[in-house]
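J.: Copying in the features that TrEMBL gives for the protein in this structure:
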type     : residues : note
DOMAIN   : 5-426    : domain 'K+ potassium transporter integral membrane'
TRANSMEM : 64-86    : transmembrane segment
TRANSMEM : 106-124  : transmembrane segment
TRANSMEM : 131-152  : transmembrane segment
TRANSMEM : 179-198  : transmembrane segment
TRANSMEM : 210-232  : transmembrane segment
TRANSMEM : 252-277  : transmembrane segment
TRANSMEM : 298-320  : transmembrane segment
TRANSMEM : 332-352  : transmembrane segment
TRANSMEM : 359-377  : transmembrane segment
TRANSMEM : 389-410  : transmembrane segment
TRANSMEM : 422-445  : transmembrane segment
DOMAIN   : 439-680  : domain 'K+ potassium transporter C-terminal'
TRANSMEM : 465-483  : transmembrane segment
Amino acid sequence: MKSVEGGTFALYSLLCRHAKVSTIPNQHKTDEELTTYSRQTYEENSLAAKVKKWLEGHAYKKNCLLILVLIGTCTAIGDGILTPAISVLSAAGGIRVQNQNMSTDVVVIVAVFILIGLFCMQHYGTDKVGWLFAPLVLLWFILIGSVGLVNIRKYNSSVLKAYNPVYIFRYFRRGKSEIWTSLGGVMLSITGTEALYADLCHFPVLAIQFAFTLVVFPCLLLAYTGQAAYIIDNKDHVVDAFYRSIPEAIYWPAFIIATLAAVVASQATISATYSIIKQALALGCFPRVNVVHTSKKFLGQIYIPDINWVLMILCIAVTAGFKNQSQIGNAYGTAVVIVMLVTTFLMVPVMLLVWKSHWILVVIFLVLSLTVELPYFTACINKVDQGGWVPLVIAITFFVIMHVWHFCTVKRYEFEMHSKVSMAWILGLGPSLGLVRVPGIGFVYTELASGVPHIFSHFVTNLPAIHSVVVFVCVKYLPVYTVPAEERFIMKRIGPKNYHMFRCVARYGYKDIHKKDDNFEKMLLDRLLIFVRLESMMDGYSDSEDLTVMEHKAKRSTRSLQLIEKAGGNNTMSSTGDLSYSSSQDSIVLAKSPLTGNSLTRYSSQTPGDELEFLNRSKDAGVVHFLGNTVVQARRDSGILKKVAVNYVYAFLRKMCRENSVIFNVPHESLLNVGQIYYI
């Protein structure tokens with residue numbers, strides 16, 4: 001399950017679609033997830049309904065589930081650091097077999113250079129070289145399978161008796177603690193094979209399943225059995241049995257293939273780590289970082305520069321710090337078995353709630369899985385002091401980052417949701433909003449796709465003036481390659497016409513990038529003028545109706561607006577606040593408005609030509625971009641741990657992550673940050 005498609009986060013997202021188990025605000029979910037969740041129905045007395053009710057019953061259950069997910073995710077990130085280190089170091093060790101006088105430091109230096117080259121090439125992506133992976137890995141498995149078969153015939157074919165379960169029973173019956181601990185080494189014989197499933201962005205699932213069953217598993221059996229046969233006759237060569245068992249004639253070609261295969265395996269886990277970070281970003285569990293998509297065909301092929309260099313530094317540190325495969329192997333085995341256990345526990349609610357499996361099948365799955373995984377887990381934990389502490393330290397570090405960021409992000413979002421300004425309050429201020437409306441246009445950036453953000457009321461309360469035209473801008477990123485320019489913006493009007501308040505939802509695909517030469521401000525202004533012109537074409541317009549650009553085009557059948565409807569129908573997030581307007585609308589609800597119908601008619605009496613002229617004059621007067629900056633701090637009576645987490649760790653992460661002004665490409669000369677402090 002440690003795949004580029006998300007691993008433990010993928011299971012968690014699946015559970016969130018079928019039950020309200022997420023502690024993450026709806027803004028971090030995709031429209032597809034929200035729609036899918038709304039369609040889930042269960043029979044009242046069914047087992048799935050009971051599980052759903054139990055999970056949704058208390059907040060601590062949701063928090064425990066999230067903690068379990070973060071443990072598995074952070075350990076998988078540690079796996080992504082250890083896999084390149086042990087794979088490349090093992091492959092580079094082959095140069096020392098032919099020259100026993102060579103220092104171990106030389107092997108380490110060669111491995112470090114290979115790792116540096118691997119990470120420096122990540123920004124090119126695997127789209128152009130991905131076709132080499134399958135033939136190369138196939139050649140690698142054929143090679144080790146063939147060498148294993150040759151060694152079985154050449155040295156000791158009686159080793160095949162090891163497949164008899166009786167010998168397993170006799171082995172453990174000896175009862176020595178070293179025998180049980182040796183399971184940690186046995187664990188390494190199966191680790192690495194799961195990297196196949198990290199290539200789901202390149203190959204279909206069925207192809208990988210066939211490859212594992214028909215190629216990987218038989219070749220691994222032959223390879224390890226052949227090495228066992230070689231060791232029986234060469235007991236002094238246990239440390240480097242793999243390279244020593246290779247026939248002299250094909251040694252160097254085998255060394256090259258082994259090195260390339262190690263690079264492919266490392267690439268798979270590095271890509272998986274990128275995907276995990278991207279999933280964490282989408283679920284609000286990781287600071288904002290730049291995600292670069294390197295392929296037009298495959299959504300899963302991404303590159304994250306900041307994470308790439310962190311992984312490279314940690315991989316080099318592990319490789320140069322341990323210098324031998326044994327201790328890295330202990331760390332590697334610990335990381336893999338923890339991920340396996342977390343995946344097993346997460347599969348239980350997935351089977352019950354999502355797949356609606358019979359409880360007997362769930363019990364059978366759990367018993368069989370734990371029967372295999374728990375012995376390996378206890379064996380690996382016994383080697384914590386021999387290198388197994390490394391993945392634990394890495395996992396704890398990333399867990400602190402993710403949990404602190406998630407906690408503070410949720411609190412900040414809840415504050416913004418509960419503090420949204422009601423339409424009745426806006427209408428009560430009148431067209432001037434109780435201020436001096438100075439010429440110009442103000443773009444107020446917000447993460448809320450509906451409603452008026454609290455930062456606006458904060459601004460209005462503390463400053464005596466506001467621009468004559470106010471546009472609330474919400475930027476959303478959709479899981480598509482690109483959003484055409486004609487479909488990018490969705491405009492709405494907020495309140496009566498002479499309030500001159502609008503909302504714009506700007507949508508971008510994962511390949512759409514705000515470049516410095518893109519005039520984002522000009523595009524917003526052009527779309528605003530187009531919206532007003534199209535609005536003037538609408539007959540019988542009333543401020544009490546929810547009239548979006550899509551509804552205008554539905555009646556006028558305008559070609560460009562049809563394109564907008566095609567991509568923009570589900571981008572408005574729902575609100576959970578008890579406000580005086582509908583969560584999916586910015587229109588006035590007459591029953592809750594303090595103004596009369598005559599007042600509304602008076603406010604709407606402005607002609608379209610006058611408004612267009614007014615907008616053009618405002619544009620010529622100047623444009624200012626307002627960015628809200630909600631600072632989260634711990635209360636004075638909070639404990640020392642909370643103060644450190646919020647005031648220092650979260651503040652540091654906020655400072656290091658990408659600023660909104662960079663993401664939106666806002667010109668600094670017309671940027672105004674509006675700050676407020678929220679105590680938790």
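Glycine too: its Cβ is placed from the backbone N, Cα and C atoms.
Remember, predicted model here, so these are calculated numbers, not experimental data.
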J.: Determine which recorded stretch among 131-152, 210-232, 359-377, 389-410, 465-483 has the most C-beta pairs below 8 angstroms with the transmembrane segment (64-86).
T.: 389-410
J.: Can you tell me which parts of the same chain pack against the transmembrane segment (465-483), counting only residues 6+ beyond its ends and a CB-CB cutoff under 8 A?
T.: 30, 32, 293, 296, 299, 433, 435-449, 452-453, 456, 459, 494, 500-512, 524, 528, 567, 571, 614-615, 618, 621, 624, 663-664
J.: Mean pLDDT across the domain 'K+ potassium transporter C-terminal' (439-680), rounded to an integer, is what?
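T.: Mean pLDDT across the domain 'K+ potassium transporter C-terminal' (439-680) comes out at 66.
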